[in-house]
Each structure stands twice: as C-alpha cells, then as structure tokens.
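Read the structure below first, then the notes.
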C-alpha cells in the first residue's frame, strides 16, 4: 500500500539526512537539501492517500491509476535511497573527489525525475479534488449495516453458553467494580451477539435501558441523543439542554446500557461526564464490546474484562449446522452422505473457530447445491473468496491502525499459519525495515517503541499472546488464521510481500517483488532455478527442510536485501555452505539462522556497514566470521546457547578479539562471549547493553562486575558460566535493572544476599551446590517469580521450603523448577503461609524417588 511505502521513505530520509548532517557537515549540504525535499513531499503525498483510497472505495475509479502512480513513485524513491546510502558511504571511505562528483550528478538527475513525477501527481490530485480528509464511504455503509444488526432480533449463540452464564453472574453481582462488563476479543468472535442476548435478558430488571453502536468515528452528541430517545426523554428536554437533562434523569434511575464496538477511550471520556457512576447504590450497569482490551480496561478496570476465544471444533460444527439448515431441526445431516459431512467438517476447520467466518461460509453454501462436488470447490478456494465477507469487518481493524503500525501487522503474514513468533524477531525486523524510527528528542530506544506497537496489536486483539517473559513482557505471539489470510491478501494487493504460491508469473511482476516468503522446499527451489530478477527484493523468508537452499542463494546478489530469515526444520544435523555472496548484501540489517544446521558465516559479513542484528538459533552450530566489524549500527549479536557448542565444534579465537571493533553505544545484546577474549575494561564502554552472557568467567571479570557503582547500568539479563570455582565473591546488589540471572558454576560458590540483584524476577542455578544457607537467602527475595535449579547438588536430602518463625518464604514465587537433582530425596512445604503464590512445581530430568508434601503434590501434576 502506498502509505506504507511512503512511511518507509520518510523514515529512511530522516535517517539519511541526520547522518549527513552529523558526518559530513557542510560538504554535502546540497544532498541534505534534496533529502529534506524528498521527506517533505512524501509527507505531503501521504496526507491525501487515505482520501484517495476512500474515493476509490466509494466508486470513483479515476483515482485508481493515481494510487498506482503514487505507489510506484514511493517504491522508486525507496530504491533510490537504498542505492544511494552505500554509494555515499563508499565515496566517503575512499574520499575520491571524482567519484563523489560523478555520484552527485547521478543523484541530482534522479531527483529531477522524481520532481517531475511529483508535479504530475499533484496536478492529478487537484483535478480529482483529493484533499487531506477521511471520508470512507464504504466504511459508512458497513457501519449502517452494523447498526441494523445491532437492533435485529438475533440472539442465538452457539458455543458461548459458558461465557454467557459467567457474564450474567458478573453483571448481576452487586459488588461489580465500576458496574461495567467489558466483552473483548478479535473481530468475528460474536461479542455483539453475546452482548445483545445478555442485554435483552436483564434489561427488564432495570428502570431504563438502551443499546447504541459507538462506531470507529463516534460523536458523543449523537450517542447521547440516541440514549435519550431510548429511555424516553421528552423532545423538549432533548432540544433545550440534552446533557444536563439526561444526567438528571439517569441519577434517579437504575439503568443498563450496551455500548457496542467501542474503539478508543476518548469517546468514553466524553460520555462519562453525562452518565452517572454505575457503582453507586442505584446499581446501574454498562456492557461494552471492544476489539481493544485496553478500552475495556480503561472503562471498567481489569476485573471487568471478559475475553472471548475461538470456538472448539464441535461447537463450530454445531453453529455451521444451524446456519446451513436455517435452524430447522427437521432438516439435518440425516439425509447427507458421510463424504459431504466430512467435507463440511473440513470447511468448518478452515474457519478457525471464528463464528463470523462460519456464518459467512454457511451462507454461501446455502446458495449452492448440497453436493460433494460443489462443496469441494468451496473447500479448495478457502482462504480467498470464502473470507471476503469477513474481510470487510476485519479490514476495519486494520484501517484503524496508525499508518506506522500497518506494515508491522502485515509482517505476521510472512510466517506460516499458526506459527509461534518471537517478539524479539518481530521487533528487530521492524527496526531493520525502518518501520520504527526514533525521532530527535525521544530518549527511548527503538526496541521500546517497537514493543509498544506489538503491545498495541495484542491489545486490539489482532494478535494472540502465546507466552510472556519472566517480567511480564510479550515473549511470543501468534496470528489467527483468518487474520493471517487478511495479511496475505492485503500484502499481495499492495505488493508489500508475496508468498511462494503467487511469486511466479510475469517476469516484470517478479522483478518488482520487495518481500517474499517460502513455506515449501519444492516451490522455493523451483523459483530460484527459474533465475528470477530480484533487484528490488528487501526481505527473504525461507522455511525449509532441504539444506541445498543455501547453494541456490549463491547465484543471487540481493543487493537491496534488508532482512534474511532461514528456518530449517529437518530433524538431522546438516552441514551447509553459506554463500560468500552474503557479504555483498550491502543493505543487510537483520540475519537470522535457525535449525539443525552446521557451517560458517563468511568473513565478508563483517564488512556490512548497516548490519544491526545477527541471531543464531541455539540448535545452529554456525561459526562466526573473523575480521574487523565495520558496522557502527550492530545492536544484537546473539549466539544463543552457543557456548556449549562452540567449545566442541569450532575455534572462535579469530572472532572474539575483534569484538572491540563494535560500536559500544549501540550494542544491546552480546550472547555468548568467552571471557578469555574479553577484557573487563570493555564493560565500561557498553553503556546501553541490556543482555550479556559470558563463558568461563574469570576472577577479574567478577571483580569488575562487583564494584560498588555498576559498570552496566542498563543491564537487564546476565548469564555467567564459570569453568572453575571463583575465588572472588560476586556482588550484584548494585544492579537494580537485572531481572533475569543465570549462574552456571562448578559446584561451589560463596553467595549471600549481596550476590544477587535486588529486583530479581527469574533465577537459574546450574551445576550448583545448594545448602540450607543459600536456600535461606533465596527465600527472602521479594520479587522472585521463577526459580530453576538445574543439575544441582544438594548437601541435605530434605529441602524445606517453609519459612522460619515469621513464615517469610518466597513471597512472590510462582514457578519452582527442579531438574535432575543430585542427593535430594524430599521436598516439603508444611504450611500455607509460605510461597503463597506458587502455581507450579516442575520436576524434570532424572528425579526418581523424590517425595513431596501434600500441597506440593497437587502443584506438580
């Protein structure tokens, strides 16, 4: 979509202009002027793109070509900027005056071409009267349909009986906080249907009632007028002083209102000035539905939230059956063939438990012959035409996103369906693509801003939370299949990305591919063998089992590639030859290799000046490159659990001495690094480091970490692996931000309360000797939620987790994980005061014969 490309161009031009100003000063003032002009013009064009799209959606086909021209212009400008930056960096590096002059002329000529195209676009815009406003007629039609549906007499709910009963009990509870029930969830789950049935069941128990559709662009005056009409306020009072008269009446009435589809909190701030508090003695109630959990949380508090989930398979098929046969119990599957029933179940499975998708699909099938052939054709087309009815509703949520968040949402479509996606990956890929840019004056890191975007997507119920980290952040997430299809369709329509299935075709279209993802080995290899021209490719995702994929990549330069992700899913360890051409990807910012692969990154990788993230999965035995790093932007260097592998497989002495060539101000993750190649004085330079892992920790490193004033003030995660018992006692009490600590020692290590950070949330002790003294220290940690003891030796056979006389023991601990204990035969907790928040006791590995007290037995199941 044009607005996405325009945003990318704006962000890149801001970055380039800033770099020119800092690095070049007055010598390249003319370049900065051109870059600034590009930025201004792209902002101006972006300001009226939404209006142009609204006119096209409203039936004005004349603007279609204009939008296409804008999209092509934005793409060409992005290409120019991506091609421009490496050239200027190269000319600066060698300081060739002639080369600089030649490049300047070339760039100036391209800018002149762009200026002429901008003039033409602006002329056409004025001709079609496209202005900077938002008037999406198609949305208005959809809103009207929703208003009709809101008052339609359809209260049948399938599979939501438990939700209904819980909500009814909550709503009638006299102690309901704020008097609000918030039904939240992704589009299509049946929030409105459930809320309507609930509302209609209880409204007779109140003196007045009303249901209103709030909409995406609400007006408080219209909503209040609607409420006034429904509760019987006289016409004269509505005309004279609506708000005061309405509030006066509601103060003495017990009311219930259903506010459907609330998109943001601003409208509530206006409405609550008129609506009396619901938690008063009168006992009024408000039911809201929203796609955004934060809206419900803001209006009614955390306790008001009730999150709907997709239907289970049998409930889904029950709803499908009701809709297919129009709720006629006399007309059912009795006369259908078993094959037709199976096809029906497969169709329902494709709907992913979303009631809206099931209803739309059933409605379409009712218009067809009830034959296996007809239904099979529908099944084969699932993911495209069948979901069109849902797409309009889902697209509302997409269009409501801030422009900067839209490409972040579309990125989920690059992954296979039902794939669990790490937040770390998403955040750093968004940054690599310049979807997230830190503006001047903003002290927050790009990672923090990207995390805000991810939290917002989850809050809007567009993305499903899978796991949280030790400190409550999002660790991984998923996207529902229905929304995944929306991402793929929108991306294909706008040329944002393409899947393998639609990558083939006109060579001209293939040459314009900017992002592509492969889920199949055969399709991937066939595509590369076709020798496509991929001159504009920015992102390449490969989910494969065939290790030969790397050899096929060797034939391409990928000169504009920003992001490369290779995920190998074969079960065996495979040696791969990573092409030396990887070092020619001058625009590469993000590289992730995952799976059972063994090989070496080419040394030319260190020459990539724009590299920001190298992330090697824990199963991948990939030898790092050697040489002096030239990138001043490297933020994350992650060899996850690489330490155990590298000691036996590779010599890395040629790599780590060059760690000093990294730009210390940007580095945030360094995992793992052998201590023998790591001078403790380097710690003082890593002022923004958040995650650090060191192998074979020496006494000098322990001493440096233990000084009174912390050397790593931003550190949040610390992993230390000792190859021998340290003589120095570690002291981490001066590190307030460390929330996750991993200590791997050789049996003995003197520890006390000063050894640990004060705000520790997750602690892992590996190969540790545990005695009653260290256990007494651990019991006092005020914020510890997860404790893992991995292959530890226990001096006493019995580990008593209860507190002393005051009962103070693990006040916040939620998970205790004991793996392959040595010398432990009994774990007890004999009181209910100790570990009041413990939810889970995990015994894994070799743990035969360990007895548990009754309370712990229940938590270990």
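Heads up, the Cβ atoms here are built off N, Cα and C, so glycines get one too.
Neighbour count (other Cβ atoms within 10 Å of the Cβ, all protein chains): 26 for residue 189 (ATP binding site). According to Swiss-Prot, the feature ATP binding site maps to 185, 186, 187, 188, 189, 190, 191, 192, an assignment based on sequence analysis.
Annotation comment: Swiss-Prot describes 63-83 as coiled coil, evidence class sequence analysis. Counting only same-chain residues 6+ beyond the ends of the coiled coil (63-83), those with a CB under 8 A from a CB of the stretch are 1-2, 5-6, 8-9, 12-13, 16, 38, 42, 45, 49, 52-53, 55-56, 107, 110, 114, 117-118, 120-121, 124-125, 128, 130, 494-495, 512, 514, 536, 560, 587.
Residues or ranges marked as domain 'NB-ARC' by Swiss-Prot: 162-388.
Here Swiss-Prot flags 225-248 as repeat 'LRR 1'. If one looks beyond the repeat 'LRR 1' (225-248) by at least 6 residues along the same chain, the residues whose Cβ comes under 8 Å of a Cβ in the stretch are 208-212, 255, 257, 273-276.
Along the repeat 'LRR 3' (388-411), the predicted structure has mean pLDDT 77. Residues or ranges marked as repeat 'LRR 3' by Swiss-Prot: 388-411.
Annotation comment: Swiss-Prot describes 449-472 as repeat 'LRR 4'.
What Swiss-Prot lists as repeat 'LRR 5' is 510-536.
The repeat 'LRR 6' annotation in Swiss-Prot covers 585-608. The residues of the repeat 'LRR 6' (585-608), classed with DSSP into helix (H, G, I), strand (E, B) and coil, number 5 helix, 9 strand, 10 coil.
Residues annotated as repeat 'LRR 7' in Swiss-Prot, with sequence analysis given as evidence: 609-631.
The repeat 'LRR 8' annotation in Swiss-Prot covers 652-680, and the record cites sequence analysis as its basis.
What Swiss-Prot records for 689-710 is repeat 'LRR 9'. For the repeat 'LRR 9' (689-710), the DSSP counts in helix, strand and coil order read 7 helix, 5 strand, 10 coil.
DSSP states for the repeat 'LRR 10' (712-735), grouped as helix (H, G, I), strand (E, B) and coil, give 0 helix, 5 strand, 19 coil. The feature repeat 'LRR 10' is assigned by Swiss-Prot to 712-735, with sequence analysis given as support.
Per Swiss-Prot, repeat 'LRR 11' is recorded for 736-758, and the stated evidence type is sequence analysis. Panel annotation: around the repeat 'LRR 11' (736-758), residues 470-471, 693, 713-726, 729-730, 764-769, 774, 777, 780-781, 793 of the same chain, lying at least six beyond its termini, place a Cβ under 8 Å from a Cβ of the stretch.
Per Swiss-Prot, the feature repeat 'LRR 12' maps to 784-807; the stated evidence is sequence analysis.
Taken from Swiss-Prot, the feature repeat 'LRR 13' applies to 810-835.
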- Note on the structure: What DSSP reports for the repeat 'LRR 4' (449-472) is 11 helix, 5 strand, 8 coil
- Query: Helix, strand or coil at residue 186 (ATP binding site), per DSSP?
  - Reply: coil
- For residue 192 (ATP binding site), the three-state class that DSSP assigns: helix
- Task: Return the residues near residue 190 (ATP binding site), defined as same-chain residues 6+ apart in sequence whose C-beta is under 8 angstroms from its C-beta, sorted by sequence, else 'none'.
- Result: 157, 160, 308, 355, 356
- Note on the structure: Not counting 185, 186, 187, 188, 189, 190, 191, 192, residues with a CB within 8 A of the CB centroid of the ATP site are 289, 291, 308, 354, 355, 356, 461
- Same chain, outside the repeat 'LRR 4' (449-472) by at least 6, Cβ under 8 Å from its Cβ: which residues? 184-187, 291-294, 307, 397-398, 400-401, 404-405, 408-409, 412, 420-421, 423, 426-428, 430-431, 435-436, 438, 442, 478-480, 483, 739-740, 761-762, 785-786
- Query: According to DSSP, how is the repeat 'LRR 12' (784-807) divided among helix, strand and coil residues?
  - Reply: 0 helix, 10 strand, 14 coil
